[in-house]
Amino acid sequence: MHRQIHVDWRAGLALVGTILAAFSLAFVVPIVVSLAYGGEDLWVFVVSMVATAGFGLSIRQLESEPDPGAREAFLVVALTWLLATVFGALPYVLAGNGAVAYPVNALFESMSGFTTTGATVMNDISFETHSRAMMMWRQLTQWLGGMGIIVLAVAILSQMAVGGAQLMEAETPGPGVSKLTPHIAETARVLWLAYLFFTVVYIALLYGLHLAGYAPNMDFYNAIAHGFTTLPTGGFSPEARSIEAFSPAVQWLVVPFMFVAGVNFVLWWHVISGDPWALFRDNEFRLYLGAVTTLSLVGTAMLFFSALETPETGVIGGNLERSARYATFQIASLTNSTGYANMDFDAWSGPTKGLLLFAMFIGGSTGSTGGGIKVLRWLVILKSLRREVFTAIHPEAVRPVRMNGQVLDEDAVRGIYAFTLLYFVIFFVGVGLLAADAARVGLELELIDVVSASIATLGNIGPGLGEVTGPMGGYESFPRSSKLLMILYMWIGRLEIFPVLVLLTRAYWQS
Amino acid sequence: MHVIVVGAGAVGQAIAANLEDSHDVVVIDPDSDIVEKLNYSHDVLAVRGDGTELGTLREAGIERADLVIASTDSDETNVVICGAAKAAGDAFTIARVRRRTLLETWEGSRGAFGVDFMVCTDLLTARAIFRIAGLPAAHDVDMFVGGLVRMAEFEIGPESPVAGTTVADADRWDSLTFAGIFRDDEMIVASGDTELRAGDRIVVIGSPHSVTDFSTDIAAPDTASPDEVVVVGGSEIGFQTAREFEEHGYSPRLIERDPDRARECAEALPDTMVLQSDGTDAEFLAREHVDEADVVVAALDGDEKNLLVSLLARRLGVDRTVAVIENLEYADLFETVGIDVAINPREETAEEIVRFTRAEHTEKIAMLEHDRAEVIEIEVGPDSALVDGPIADVTNDLPSGVVVGAISRGGELITPRGETTIEPGDHVVCFVDGDVLEEVLEAI
């Protein structure tokens, strides 16, 4: 029986084509880097750029004046991210170096980049294997994905002004987009400007440390490379040992910027425009600050009173500066899903790793570049649970849930419960599937590896807590089927499940 | 004065009735039955028509009107009436509104919409409830001179320490003046040898602090300032009352039966605990420990329901009950049956509006016992009879029934005694017997 398809997929695809064509300009950055470093891999990026632009321009022909509606927004957002990942993987395959030369690995690395996950299948991160241009491309994918490809497209493409709000809604982390200005394109620009502002300041400070002599190996290349992955809560580093490779001064500088990346950029916009108290009036920010501070203090105490010692770091237990540095850094990094490591925290004791696992379930704030469940959702859940307790005592009490003094719609509260429940269901299904898949191919994994691989990809965090998935390990050893599952998880995790999930329902296409 | 009242609802009729003796009152209403009835029952001219239309306003004599009072049931209509009246003449315009937001807009830029004065009945009532509920044993409370002076009416209970003493004996509170006493149907102007009896209602004027001290001293020992406040009924008045308590740092409870309205109230009142239930459900009231409340305010739609709620609360053991009573005739009856204080929204509105029909220097009016007496605040002019000598002398020259309760000079409160002299420019708060009101107002 023939069923009518009720989604204007032609218009959707045409719009995706427009976005892809604009997106192909991003390859200019690695091309410039390549030229600066002797032209290595130059052809790779030129070919990728031409292919991306060509494909984008050709599917744009499907509809001359695309006018996608609310329903097509899901398709556009989900497909844009998928296609950006596919074309972003092209350079890895074309260059043909290391493990990422294999298509599935390349896709994994690309998806991990755009979704700012930071999980890697590169088992030999060094400039001997990969060109500097290639490593910069890997960093850049995170920077582009951080504030969102769609948000960027809305900011720069005038034809996306009308449906832009719906597209941004589907892409932006957390429930709801707050329009800062009457024009959505202006709002998108404002968000990107705040993002750019922090990135530039951060790069300047990193390079400043280098010039001042506090960071010998933080050269201009590294400053930019890390500038590209801190603000988007990415976590990729061209250094094999992540931030551990840098001096304590650099590590301390990274902490506040990771924290900044986990805050709603709408709030940063208010701060930059001269209203710093906007931050502290925000319930979500206060909880985020409180959670990161508390967890850091607990972590510091746990490390301080441990007998932890590793060859790379020296004695940590009993050393206050080191305990504080490692604990604060890892908590700041894992809470908001950045995924940097300043030491191999796989060496931490079980309870201390438990603290990190707990932090991984918190996530960043709404409208930040962080992944995970998001602080706002936890706040709403906590508030409505408190209400449940209260109404158990006073059955007739009517208690709206408030956020920043504003009443939250009960539908929104229900939506948050549904999301969080679904998140956990998907997380547990992931644990099961990854464990079963590992058993199928005879890969021996510890439970913590499987558990943290599931949350680290779904939450766009990156490194897990086990030997294999840990910060100094890699996802390369997982079977190909598991990698495909994790690619799916990173994708739905970044888009917060629903925009992808609705595409898989019959109702979306036919009713 | 030529006064036009548009809208002969409950408030409109009350205002018309209040003004009919001393002014030319024209009432406009679209309902012909009401118009006909008004023409017979009141000494006013009733005109049938739409108050927003120029034709109707002309028929009512808008060109020579001094005051236009728009008190229909619709806020928007009232505002338009004022605008139309301003366009057709230059009467002083008063609009009655229900919505507080409209009042706030107007307060932001006075004179907006062509409205010279705006009264929000529900807000006035809520504020009156708050003032009275906050003062133990008080039946009526009003503030004068921007809060510097307070007037309160108390009932003297049998156990009160002042019962059985004379005013001279009882006069031991600083900056407090005993103004008048209501005993059964009688109104007595307080003088040194007047005896205070249990059951009397006594009117005092003084600084807010002294009135509060007085109230705690004369009230029965177990009644303190209220902490636990329960408002029954999420009507606009109930809602505004809860909000008024909230704004003064209380966390009241509000009981509303309708789920949607309860939700609406809960959303707008973050510090109020809203309970969605029937306020007459005794089992529920006991479960929520409403009996431990210090004050229960009954603000449902319907006087009978408010009586029921108040009696129920009384039965449960609530210290004080305050009920909103629309029908003036019921108020006394209900107070005899067991409600501590009956508050009438119309009276509160009339107090605000009537002062505009008085001479220009009248700043504020509080009506007592259905206007049997008034406490008024005036700014004393150079020609006033009050400035001719010490108070003891000037009040002798005035008709009996006037007590100077408080004087404010340059923002300072002066407690009047016999030898005090009033100067032009002073703000004087005095108690005036309703029978001699006209005469006194003329003189001062």
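Placement of Cβ uses the backbone N, Cα and C atoms for every residue, glycine included.
What TrEMBL says about a protein is an automatic prediction, not a curated fact.
According to TrEMBL, the transmembrane segment annotation covers A:12-36 (among others).
Annotation comment: TrEMBL describes A:42-62 (among others) as transmembrane segment.
What TrEMBL records for A:74-94 (among others) is transmembrane segment. Remote same-chain residues near the transmembrane segment (A:74-94) are listed as 7, 9, 12-13, 15-16, 19-20, 23-24, 30, 41, 44-45, 47-48, 51-52, 55, 68, 100-103, 105-107, 109-111, 113-115, 134, 137, 141, 144, 149-150, 153, 167, 170-171, 487, 491, 494-495, 498-500, 502-503, 508 (criterion: CB distance under 8 Å, separation of at least six residues from the stretch ends).
Long-range Cβ contacts of the transmembrane segment (A:143-168) within its own chain (Cβ-Cβ under 8 Å, at least 6 residues beyond either end) map to 15, 18-19, 22-23, 26, 66-70, 72-73, 76-77, 80-81, 84, 113-116, 177, 179, 183-185, 187-189, 191-192, 195, 199, 227-229, 231-234, 261, 265, 369, 494. What TrEMBL lists as transmembrane segment is A:143-168 (among others).
Look at TrEMBL and you will find A:188-208 (among others) tagged as transmembrane segment. Residues 143, 146-147, 151-152, 154-155, 164, 168, 180-181, 215, 218, 220, 222-224, 226-228, 230-231, 250, 253, 257, 260-261, 265-266, 268-269, 272, 367, 369 of the same chain lie 6 or more positions beyond the ends of the transmembrane segment (A:188-208) yet place their CB under 8 Å from a CB of it.
Residues or ranges marked as transmembrane segment by TrEMBL: A:249-273 (among others).
The transmembrane segment annotation in TrEMBL covers A:285-305 (among others). Within the chain carrying the transmembrane segment (A:285-305), a Cβ under 8 angstroms from the stretch's Cβ atoms is held by residues 259, 262-264, 267, 279, 316-320, 322-324, 326-328, 330-332, 335, 348-349, 351-352, 355-356, 358-359, 362, 364-365, 375, 378-379, all 6 or more beyond its ends.
According to TrEMBL, the transmembrane segment annotation covers A:355-376 (among others).
Taking Cβ pairs closer than 8 Å, the transmembrane segment (A:416-436) reaches residues 175, 373, 377, 380-381, 384, 445, 447, 450-451, 453-455, 457-458, 478, 482, 485-486, 489, 492, 496-498, 501 in its own chain, all 6 or more past its ends. Residues annotated as transmembrane segment in TrEMBL: A:416-436 (among others).
For A:486-509 (among others), the entry in TrEMBL reads transmembrane segment.
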Exercise. Considering pairs 6 or more residues apart, do the transmembrane segment (A:249-273) and the transmembrane segment (A:42-62) have at least three CB pairs under 8 Å?
Worked result: no
Exercise. In the same chain, which residue numbers or ranges, 6 or more beyond the ends of the transmembrane segment (A:42-62), come under 8 angstroms Cβ to Cβ?
Worked result: 10-11, 13-14, 16-25, 27-28, 30-31, 34-35, 83, 87, 90-91, 94-95, 133-134, 137
